[in-house]
Amino acid sequence: MDYPTLLLALLHVYRALCEEVLWHTSVPFAENMSLECVYPSMGILTQVEWFKIGTQQDSIAIFSPTHGMVIRKPYAERVYFLNSTMASNNMTLFFRNASEDDVGYYSCSLYTYPQGTWQKVIQVVQSDSFEAAVPSNSHIVSEPGKNVTLTCQPQMTWPVQAVRWEKIQPRQIDLLTYCNLVHGRNFTSKFPRQIVSNCSHGRWSVIVIPDVTVSDSGLYRCYLQASAGENETFVMRLTVAEGKTDNQYTLFVAGGTVLLLLFVISITTIIVIFLNRRRRRERRDLFTESWDTQKAPNNYRSPISTSQPTNQSMDDTREDIYVNYPTFSRRPKTRV
């Protein structure tokens, strides 16, 4: 191999390693995981192929309605599809007994007629839960059916180079929109929900979620990247609840806080009263024991004086005596 050819090969590898891979969905690594690929349109499917993206694209599996399914040898025992006939538009790839070597980027490429090529890139990362590591900066509450506008304004002074909006869920992050303001490129999202966004130079970045439903609730992240290397992140939590406006939600939270405070005060009062009663009872018992101890040596009674008159007692013991005697006749005796 001559020097120019070697240099071009090294340059190609360097660009492949350094170039940022734009993904549509990010999922955490697991031994048994699924990479979702659902084609939104109803065109005629001609071929589907899964790749793992690295320095080059390694083919994992390929399906054709005419020739059937072929899974490449390194993945034959580790991946499968639920719908073996591929009659539907769901081309989700399932892993069994995956290893850390399976962390990386995957591409699901569909070829349809007459729409053409449709591609989705999925990133597999080492993470337990996405929501747990992302605190929110603000909270927005809305009723179903309304249009919700999410806005982030950078504090950086450098010109913004790229803006990325994401929806964060516990087991998945979906890219909503990506704007490269330097090259004027808008990365097409594969998110099944319609999102309206502006991709223009300015101090604000805005997305609009029309006709929101309860399923739109969650965390939304705005990621701003400056040309000087500075980055800023804003996270907003959206709650879509039936019949609850911002004021009603605030009243609900305030009422719950007041009830919780009253409950804590009641419990504290009961505990204080119980401790005071217990303390008084212990003091009373201690005083009684001390009094009995002091009184025990003088526990005697004065003798009753016999010289004192007992008239009252004698009077009380006097009783009337009744005698039964025969009745004698009062007639005079007859003299002889």
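Yeah, the Cβs are placed from backbone N, Cα and C, and that goes for glycine too.
Look at Swiss-Prot and you will find 1-18 tagged as signal peptide, backed by experimental evidence.
Residues within less than 8 Å, Cβ to Cβ, of Asn32 (N-linked glycosylation site) and separated from it by at least 6 positions along the same chain comprise Phe94, Phe95, Arg96, Asn97, Ala98. Here Swiss-Prot flags Asn32 (among others) as N-linked glycosylation site, drawing on experimental evidence.
Annotation comment: Swiss-Prot describes Cys37-Cys108 (among others) as disulfide bond. The Cβ of Cys37 (disulfide bond) has Trp50, Asn90, Met91, Thr92, Leu93, Cys108, Leu110, Lys120, Ile122 as same-chain neighbours under 8 Å, each 6 or more residues away in sequence.
For Asn83 (among others), the entry in Swiss-Prot reads N-linked glycosylation site, with the evidence type sequence analysis.
A simple way to gauge crowding: the CB of Asn90 (N-linked glycosylation site) has 13 other CB atoms within 10 angstroms, across all the protein chains here. In the three-state DSSP reading, Asn90 (N-linked glycosylation site) counts as strand. If you look up Swiss-Prot, you'll see Asn90 (among others) marked as N-linked glycosylation site.
Counted within 10 Å of its Cβ, the other Cβ atoms near Asn97 (N-linked glycosylation site) come to 9, all protein chains included. Classification of Asn97 (N-linked glycosylation site) by DSSP places it in coil, neither helical nor stranded. Look at Swiss-Prot and you will find Asn97 (among others) tagged as N-linked glycosylation site, backed by sequence analysis.
The domain 'Ig-like C2-type 2' annotation in Swiss-Prot covers 135-239.
Swiss-Prot lists Asn147 (among others) with the feature N-linked glycosylation site. Secondary structure at Asn147 (N-linked glycosylation site), as computed by DSSP, is coil. Counting Cβ atoms from all protein chains shown, Asn147 (N-linked glycosylation site) has 11 others lying within 10 Å of its own Cβ.
Sequence-distant contacts (6 or more apart, same chain, Cβ under 8 Å) of Cys222 (disulfide bond) comprise Leu150, Cys152, Val163, Arg164, Trp165, Ser205, Thr233, Phe234, Val235, Met236. In the three-state DSSP classification, Cys222 (disulfide bond) falls within a strand. The feature disulfide bond is assigned by Swiss-Prot to Cys152-Cys222 (among others), with experimental evidence given as support.
Residues or ranges marked as disulfide bond in Swiss-Prot: Cys179-Cys199 (among others). Mapped onto three states, the DSSP output places Cys199 (disulfide bond) in coil. Using a 10 Å Cβ-Cβ cutoff, Cys199 (disulfide bond) registers 15 neighbours.
Less than 8 angstroms from the CB of Asn186 (N-linked glycosylation site) sit Thr177, Tyr178, Cys179, Asn180, Cys199, each of them six or more residues away in the same chain. If you look up Swiss-Prot, you'll see Asn186 (among others) marked as N-linked glycosylation site.
Look at Swiss-Prot and you will find Asn198 (among others) tagged as N-linked glycosylation site.
Marked as N-linked glycosylation site by Swiss-Prot on the basis of sequence analysis: Asn231 (among others). Under the DSSP three-state reduction, Asn231 (N-linked glycosylation site) is assigned to strand. Within 10 Å of the C-beta of Asn231 (N-linked glycosylation site) we count 12 further C-beta atoms, all protein chains included.
The transmembrane segment annotation in Swiss-Prot covers 255-275 and rests on sequence analysis. Panel annotation: around the transmembrane segment (255-275), no residue of the same chain lying at least six beyond its termini places a Cβ under 8 Å from a Cβ of the stretch (none).
According to Swiss-Prot, the topological domain 'Cytoplasmic' annotation covers 276-336, on the basis of sequence analysis.
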Packing count at Cys152 (disulfide bond) (other Cβ atoms within 10 Å of its Cβ): 22
Structural state of Asn186 (N-linked glycosylation site), classified by DSSP into three states: strand
For the disulfide-bonded residues Cys108, Cys179, the one whose C-beta sees the most other C-beta atoms within 10 angstroms: Cys108
Between Asn147 (N-linked glycosylation site) and Asn231 (N-linked glycosylation site), the C-alpha gap once rounded to whole angstrom: 28
